[in-house]
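Enquirer: One structure is given below, represented as structure tokens, and several questions about it will come after.
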Amino acid sequence: MKITLSSYEMELVRKKLAREPNEAEWLTIDALWSEHCSYKSSKVFLRSFPSEGEKVLMGIEDWQDAGALDVGDGWAIVLKLESHNHPSAIDPFNGAATGVGGIIRDIISKGAKPIALLDMIRVGNLSNPRNKWLLKNIIAGIGFYGNSIGVPVVGGELDFDDSYNDNPLVDVAGVGIVRKDKIVPSVVKEPGLKIVIVGLTGLDGLGGASFASRKLSGEDEIGAVQIADPFAGKIVLDVTLEIADKVEAIKDLGGGGLVVGVTEMANGLGAIVNLDKVPLRVKDLKPEEILVSETQERMLFAVKEENVNEVCKAFEYYDYPCAVIGEFVKEPYIKFLYGGKEIVSLPSDLLLSPPRFIWEIKKPKLIKSDKKPEVGLEESIRAILSRIISKEWAYSQFDYEVGTSTVLKPGEADSALISLPNGKLLALKGDANPDLCAEDSYECGKSIVAEAYRNLASVGAIGIGVVDHLQFGDPKKPEVYYSFVEAIRGIAEASKFFSTPIVGGKVSFYNENKEGKAIKPTPLIVMAGLIKDKFLRNKVVEDSYITLIGFTRDEMRGSLFGKIFGNYGEVPKARLNEDYLASQLVVNLINDEKIFFAKDINKGGLIASLFSILVKGMGVEIETSSIPSDTDDWIPKLYSENGGRFIVLTNDPEYIIRKSKGIHISVIGKITKDQGIIKIDNKEINVNKEIDNYYNYLYEVMS
């Protein structure tokens with residue numbers, strides 16, 4: 001197992017301890033000081049995130065496994081977002097499957113029942129056979145675990161870009177439901193509690209936290225990938241929820257394994273653990289391997305002595321291993337024993353106080369152009385629409401209706417929608433925009449929060465909270481670090497503006513190949529929202545009016561049009577007040593039952609939003625002169641991706657205008673019965689070929 005600590009960090013350890021640590025202690029420090037566990041290159045900036053709010057029950061707190069939001073009537077939702085990027089690049093099936101399993105265990109560690117999953121996947125171009133292999137196995141792994149354990153995958157994203165050729169991104173978000181007075185902490189508050197482990201410890205996942213904290217080397221790193229067992233995971237899920245009121249704290253044994261789980265759960269107290277008592281899957285494991293193994297389907301409990309027997313009996317009923325391996329103590333030292341000898345004895349504050357780094361920052365030099373590409377209307381439409389594809393091939397492999405709480409199916413709307421036990425509806429949406437982030441990560445950070453807010457509004461929901469995942473290359477590279485810091489600034493600003501506090505998140509650095517080529521900056525957020533009144537299930541009605549809410553701007557840089565034909569102009573600025581006002585208007589129109597279709601304008605611009613109507617078997621006709629804009633140029637009118645805009649379908653546009661209160665509103669066209677025909681300024685274009693491609697592309701290329 002490799003030690004990833006720098007020479008500076010190793011010397012710092014020696015100075016603080018006034019001695020040379022042994023091998024087991026070096027592995028312990030390496031795991032807890034890894035970027036994956038310590039956030040040593042990011043924590044300084046993450047403190048700018050808003051984490052408090054009216055509905056926040058558990059926010060960004062050290063060592064809590066998930067955030068919690070109040071959804072009324074004594075109920076809370078628990079939110080978590082994680083990735084398994086590095087493991088999925090090596091073993092995509094198990095990497096993705098264990099990513100789902102880890103999220104499930106993070107949710108149940110709060111005493112919550114998992115009710116929904118979202119997956120956000122990014123791989124390279126599918127013309128590359130390896131990328132097809134990655135995608136096929138990533139989807140299979142997610143489906144295998146989610147379907148087997150009985151938690152629906154209700155939505156997500158699927159995106160392709162060459163920057164992910166060697167580094168796929170596999171993000172999974174989970175939501176659970178729990179009575180808010182039954183939320184279980186992940187840390188202990190008093191000594192004397194017994195440390196109980198459930199599950200068998202094996203050789204898989206050795207050094208996984210350190211593996212996730214460096215770039216892929218091209219060497220055989222399969223041993224750092226954990227093996228998924230959803231059937232064991234189902235036992236862990238059910239029994240953990242059964243005994244949740246009998247324990248004082250719960251923690252998933254995830255990144256860094258037992259040594260990280262015990263240290264974080266101790267939360268500054270001490271712990272004494274006997275490794276001889278840890279149930280093993282493989283005989284003769286070395287103590288160092290027991291310490292940092294990341295074998296899946298294991299949990300750690302802090303239990304009062306009088307409840308230990310009841311907790312273990314519940315697991316042993318299913319022949320699932322359960323053992324008392326130690327105790328939390330007042331003395332702030334983490335100690336591990338093996339064979340009657342003390343092999344680790346380290347101060348808690350040393351382990352939980354890694355050095356913090358602020359690396360050099362340098363603004364990337366981007367090649368800018370003001371030269372507009374020369375392209376015709378029909379050529380541009382066909383090029384854009386050919387990039388927009390149905391994700392049905394992926395989500396058809398998931399059981400998205402298990403549990404009977406799914407209200408809107410994947411692909412049916414811009415947001416997932418699930419029912420809660422109190423009768424309310426919860427909306428969920430994940431958003432990222434790597435193309436924009438590659439141009440301006442500050443505006444990108446703001447825009448992904450704003451887009452998620454609009455996505456929720458399009459089904460009738462108002463955002464209440466956010467979890468984030470920040471995925472970048474090597475933080476020691478000044479241009480990468482600049483993008484990272486600026487993305488945080490944008491996300492923080494927008495989250496404060498929309499009153500959607502960030503209740504949890506993750507940072508993933510070193511997403512680059514062995515040549516040092518990094519992915520595009522990919523900050524991702526998942527926003528949760530509540531329906532206060534009515535929700536919208538989109539339908540397209542012939543002769544209804546296509547009404548544009550919002551103002552279109554000549555801001556083309558970072559757009560899908562720019563990606564295809566060449567970037568030019570300025571990046572779209574996130575004007576958060578416009579997003580807020582437009583979103584509130586759409587929610588009000590849904591509640592007033594004055595619209596029957598709503599779609600925010602984002603990737604691909606207005607044309608892409610109109611395409612979501614065309615694929616439903618109708619036609620559209622619009623006049624570009626009716627589009628409120630700062631330009632007469634048809635290209636930005638059709639393809640700009642600036643925010644604050646929706647298209648809605650209505651039979652009463654005058655009502656919308658009366659309710660708009662200063663927001664730009666314009667009837668730009670009508671729905672026709674001419675299937676697959678888009679008519680723009682009296683020019684008809686048949687896009688039935690692109691509609692066929694939309695439905696069939698993934699099925700054909702992945703066959």
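For all residues, glycine too, the Cβ spot is worked out from N, Cα and C.
Annotations for this protein, taken from Swiss-Prot, read as follows:
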type: ACT_SITE; residues: HIS36; note: active site
type: ACT_SITE; residues: HIS84; note: active site, proton acceptor
type: BINDING; residues: TYR39, LYS80, ASP468, GLY505; note: ATP binding site
type: BINDING; residues: GLU82; note: Mg(2+) 1 binding site
type: BINDING; residues: SER83, HIS84, ASN85, HIS86, ARG105, GLN226, GLU294, THR295, GLN296, SER508; note: substrate binding site
type: BINDING; residues: ASP106, ASP252; note: Mg(2+) 2 binding site
Enquirer: Quick check: which same-chain residues outside TYR39, LYS80, ASP468, GLY505 lie with their CB within 8 A of the centre of the ATP site CB atoms?
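Expert: Other same-chain residues near the ATP site: ILE60, LEU81, VAL467, HIS469, LEU470, ILE502, GLY504, LYS506, VAL507.
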Enquirer: Rank the binding-site residues GLU82, ASP252, GLU294 by the number of other Cβ atoms within 10 Å of each Cβ and report the first-ranked residue.
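Expert: Answer returned by the neighbour count: GLU294.
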Enquirer: Can you give me the Cα-Cα distance between SER83 (substrate binding site) and the residue listed as 'active site' in Å, rounded to a whole number?
Expert: 11
Enquirer: Test of understanding: give the count of other CB atoms lying within 10 angstroms of the CB of LYS80 (ATP binding site).
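Expert: Here the count is 29.
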Enquirer: Considering only the recorded positions HIS36, GLU82, ARG105, which residue has the minimal Cα-Cα separation from ASP468 (ATP binding site)?
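Expert: If we rank HIS36, GLU82, ARG105 by Cα distance to ASP468 (ATP binding site), first place goes to GLU82.
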Enquirer: Tell me the coarse DSSP state (helix, strand, coil) of GLU294 (substrate binding site).
Expert: coil
Enquirer: If you measure C-alpha to C-alpha, which of TYR39, GLU82, GLY505 (binding-site residues) come within 10 angstroms of GLU294 (substrate binding site)?
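Expert: Neighbours among binding-site residues: none.
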Enquirer: Starting from ASP106 (Mg(2+) 2 binding site), work out which of the binding-site residues listed here (TYR39, LYS80, ASN85, GLY505) have their Cα within 10 Å, and give them in sequence order.
Expert: LYS80
Enquirer: Of the binding-site residues GLU82, ARG105, GLN296, which one has its Cα closest to the Cα of GLY505 (ATP binding site)?
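Expert: Going through GLU82, ARG105, GLN296 one by one, the Cα closest to that of GLY505 (ATP binding site) is GLU82.
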Enquirer: Mind giving me a neighbour count for ARG105 (substrate binding site)? Other Cβ atoms within 10 Å of its Cβ, every protein chain shown.
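Expert: A 10 Å sphere around the Cβ of ARG105 (substrate binding site) contains 27 other Cβ atoms.
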Enquirer: Pop the Cα-Cα gap between TYR39 (ATP binding site) and ASN85 (substrate binding site) into the table, whole Å please.
Expert: 17
Enquirer: Considering only the binding-site residues TYR39, LYS80, GLU82, ASP252, which residue has the minimal Cα-Cα separation from GLN296 (substrate binding site)?
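Expert: Considering only the listed binding-site residues, the nearest one is ASP252.
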Enquirer: If we check Cα distances from HIS84 (active site, proton acceptor), which of the recorded positions HIS36, TYR39, ARG105 wins as closest?
Expert: HIS36
Enquirer: Quick one: which of these recorded positions, HIS36, TYR39, ARG105, ASP252, have their CA within 10 A of GLU82 (Mg(2+) 1 binding site)?
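Expert: Cα within 10 Å of GLU82 (Mg(2+) 1 binding site): none.
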Enquirer: Express the distance between the Cα positions of LYS80 (ATP binding site) and ASP252 (Mg(2+) 2 binding site) as a whole number of Å.
Expert: 13
